[in-house]
Amino acid sequence: MAVEKDQQKDAEAEGLSAATLLPKLIPSGAGREWLERRRATIRSWGSFVDQRRFSRPRNLGELCQRLVRNVEYYQSNYVFVFLGLILYCVATSPMLLVALAVFFGACYILYLRTLQSKFVLFGREVSPAHQYALAGGVSFPFFWLAGAGSAVFWVLGATLVVIGSHAAFHQIEAVDGEELQMEPV
């Protein structure tokens, strides 16, 4: 009995941390592994937003160098900035929330229906891929009315501006051995 309670507490503690950092809605597989790797390689948010480390680049060469190095160094942070902008866009657009609810509701209904029996339409069995395509087709008018196309381009534009600005103006750390070395001619 005591062992079961300890295991349950461990599972709850483990589930709590996983629930706060990684949604359980993401199925195990390639997507979850990718997100776990991103979360594991995330850099310190303190150094990411440290205002003392922002300055104007001296020339175009330094700007390009900063862009490349910062995108490489803060890649995981930038992924989470992108995901945050997506969540912001969805949360501030009620019609987009309705369209997403219709789409995911249709997918869930199809999922439950396939657990009970195979889906037959006009005497033919419909594959799961075609069923989800049908759910997307049914949801398409809702996405169109919600302005999902403009939301996608808003997210892409905002991401490019935020990440591009950060990468361009955030000073890169000097790493030993990567200094510019002059060779005699």
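From the backbone N, Cα and C atoms, a Cβ is placed for every residue, glycine too.
Look at Swiss-Prot and you will find 1-78, 113-131, 166-185 tagged as topological domain 'Cytoplasmic', backed by similarity to another entry. Here Swiss-Prot flags 30-54, 175-185 as region 'Required for interaction with prenylated RAB3A and VAMP2'. Annotation source Swiss-Prot lists transmembrane segment at 79-94, 95-112, 132-148, 149-165. Annotation comment: Swiss-Prot describes 165-185 as region 'Required for interaction with GDI1', evidence class similarity to another entry. Swiss-Prot lists 175-185 with the feature region 'Homodimerization'.
Counting same-chain residues at least six beyond the ends of the topological domain 'Cytoplasmic' (113-131), none has a Cβ under 8 angstroms from any Cβ of the stretch.
Mean pLDDT for the topological domain 'Cytoplasmic' (113-131) in the predicted structure: 84. Helix first, then strand, then coil: DSSP counts for the region 'Required for interaction with prenylated RAB3A and VAMP2' (30-54) stand at 18 helix, 1 strand, 6 coil. In terms of DSSP secondary structure, the topological domain 'Cytoplasmic' (113-131) contains 8 helix, 4 strand, 7 coil.
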